[in-house]
């Protein structure tokens, strides 16, 4: 059996948890046994962290597979997938590890299950170094559903650093195959909206300050649009712990969604949190792409699995995206090309990511 294992070097390129997420999801879908060595080799704490382990355990349970080396700090795992089944699955990081990253690893798999799935994901809903759950619902969901599937994401409880304690329930039905997407026309920005939130011990004034600072920052560049960033205090029964942050979304005439977000933390001025999110949004609008930096890499696995040619226009290609492409090509028959976009406007730094998808067919439907 070991002769047929695909060997993955977990220390190259982005060198983090993303390599695990992409390669184990594809291993599960394609029935390819996998060995991943040098897991997170370049990180200050190499090896598996709680959120990576809970993601791996969920994938193992989703497909009744075998996982060896599955403990905290482990730098090598072997994974032998079985058959993907639907039903209810629980993944609990028991930390502020991101529920959105758990969703990233499971979602491609349950799309090709035999029956509908319900995933109970527990951990941090608004965590550093990961998409916030608000981003997942407001930006990722409407765009990824263009691949011709739908999912429901119910935020039961929000959880913040350091304890986590959040819970999100994701419901999905399987599909026969994924359609390719074509996101190459940006159009013009038609509205800008968002939410600035506080939870736990923090006063609503902080949310109002974040919102006002973000609006002032955007106004310097974009004068003629109404900007609606709602300050919100999360209800106590729907949030665990204390946290704050902001997400701002720009919607365009062609249905593109680009965002900027930022989290508050102790000692960080709330104006600064708002300005940081606004600057990220403006930077994403400037490059002329149809997706922002955070969505780029999250679309790669779906483009690889889809039937036909997908095209997405993005800003400069992130290391996360390069890494996702590398492992998608290593494990599937999908082929990607990235070319500089032929722009009339030389100030725009945009690229076309094109993928000839492998055309994964759900064998159970």
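Glycine is no exception: its Cβ is also placed from the backbone N, Cα and C atoms.
All TrEMBL annotations are machine predictions without curation.
Annotation source TrEMBL lists active site, tele-AMP-histidine intermediate at 320. Per TrEMBL, the feature ATP binding site maps to 104. For 13-338, the entry in TrEMBL reads domain 'RNA 3'-terminal phosphate cyclase'. The annotation domain 'RNA 3'-terminal phosphate cyclase insert' is assigned in TrEMBL to 184-285.
Neighbours of residue 104 (ATP binding site), defined as other CB atoms within 10 A of its CB across all chains, total 23. Secondary structure by DSSP for the domain 'RNA 3'-terminal phosphate cyclase insert' (184-285): 35 helix, 37 strand, 30 coil. Confidence across the domain 'RNA 3'-terminal phosphate cyclase insert' (184-285), taken as the mean pLDDT and rounded to a whole number, stands at 97.
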